[in-house]
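What Swiss-Prot annotates here:
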type	residues	note
BINDING	R99, R109, R133, D223	substrate binding site
BINDING	D223, D247, D251	Mg(2+) binding site
BINDING	G283, S284, A285, P286, D287, I288, A289, G290, E291, Q292, R293, A294, D295	NAD(+) binding site
SITE	Y140	site 'Important for catalysis'
SITE	K190	site 'Important for catalysis'
Amino acid sequence: MSRTVQLVVIPGDGIGPEVIAEAVKALDAVTAGSGLAFQKTYFSLGADRYLATGDVLTDDDLAAIRGHDAILLGAVGGRPGDPRLAGANVERGLLLRLRFSLDHYVNLRPTTLFPGIASPLAAPGEVDFVVVREGTEGQYVGNGGAIRPGTPHEVANEVSVNTAYGVERVVRYAFEQAGQRRKKLTLVHKTNVLTFAGSLWKRIVDALAAEHPEVAVDYLHVDAATIFLVTDPARFDVIVTDNLFGDILTDLAAAISGGIGLAASGNINPVGEFPSMFEPVHGSAPDIAGEQRADPTAAILSVALLLRHLGERPLAERVERAVTTDLAARSGQMATASQTRTTSQIGDAIAALAAQN
């Protein structure tokens, strides 16, 4: 049965357009002849748009995006120190507004150490886990302020907001992920100090654990979790945590598995009320924009997350196998200057592999 998905594509700034072109190339290759088609609508959003119009994300933009099924995003951010962007806060005005307006309450970050990819760890073992980070609460809701700013008596605060409703829905999603994987879930928090929020998270995890007896559940303080991420990452299957802790842990997870250049993420509305968004974790790297030096692998892995979210697991696995094969070939070459490929050449290779699988 044929199916058409309405896809928003936001190339963004810097290397964003280059890597997203290769992601779309891989998407088209893997879906050719499958009965799954993507109707793509491109949106010019980001620092360049702001410099041209003074707008980051208008209400009309948001309304148009809401009418689609999913979003594929490249990277957002202008050149650091550009005085024309002073005070614009493009990343917050675009990315956080999309996440909150579209109720992306799950931030999903898979972590895999692919064969042939070097890790800074001496003996990492098998690294294959996902972090399910709450995406719309915690310290990121903007509940804070300052009095007497700029004086020796300044007081500033950021309130972490945790609701039973918000925690329960992200924990349910994490249990579902664990049930589809190796059936282990680890709650990471700081219950010994953050007693109110920590207690809420712990009680909800314990309550839902009774509904999922097949899933083994454990708990780690966030400081202990950082230790185990570098001493025994193979112990993890699904980590569930709040917005701030998840933000920190996921970058550490990327660092032990090849770097953020290989890290993809999903900002997900699991119930499908709004379009979910998929993007590479890396930034816009304006210093190399237009030079065809950016690695599009993370953007292509974002396509795999998109396909998996849409229920197209076989197609997602084809993309993942293509990436695995390409990465193994790269490590075998020990790329010299003459062997280094351009952004589009990497995309061509992965797309060809995805089409064959």
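Backbone N, Cα and C define each Cβ position, glycine as well.
Keep in mind the model is a prediction, meaning the values are calculated, not measured.
When Cα-Cα distances from Y140 (site 'Important for catalysis') are compared across the binding-site residues R109, D247, A285, A289, R293, the shortest belongs to D247.
Comparing Cβ neighbour counts within 10 Å across the recorded positions R109, R133, K190, R293, the minimum falls on R293. Distance noted between the C-alpha atoms of D295 (NAD(+) binding site) and D251 (Mg(2+) binding site) is 18 Å. For the pair A285 (NAD(+) binding site) and K190 (site 'Important for catalysis'), the C-alpha distance works out to 34 angstrom.
In the shown protein chains, 20 other C-beta atoms lie within 10 A of the C-beta of Y140 (site 'Important for catalysis'). One residue stands out among the binding-site residues D223, D287, E291, D295 for having the most other Cβ atoms within 10 Å of its Cβ: D295.
On a Cα basis, G283 (NAD(+) binding site) lies 26 Å away from D223 (substrate binding site).
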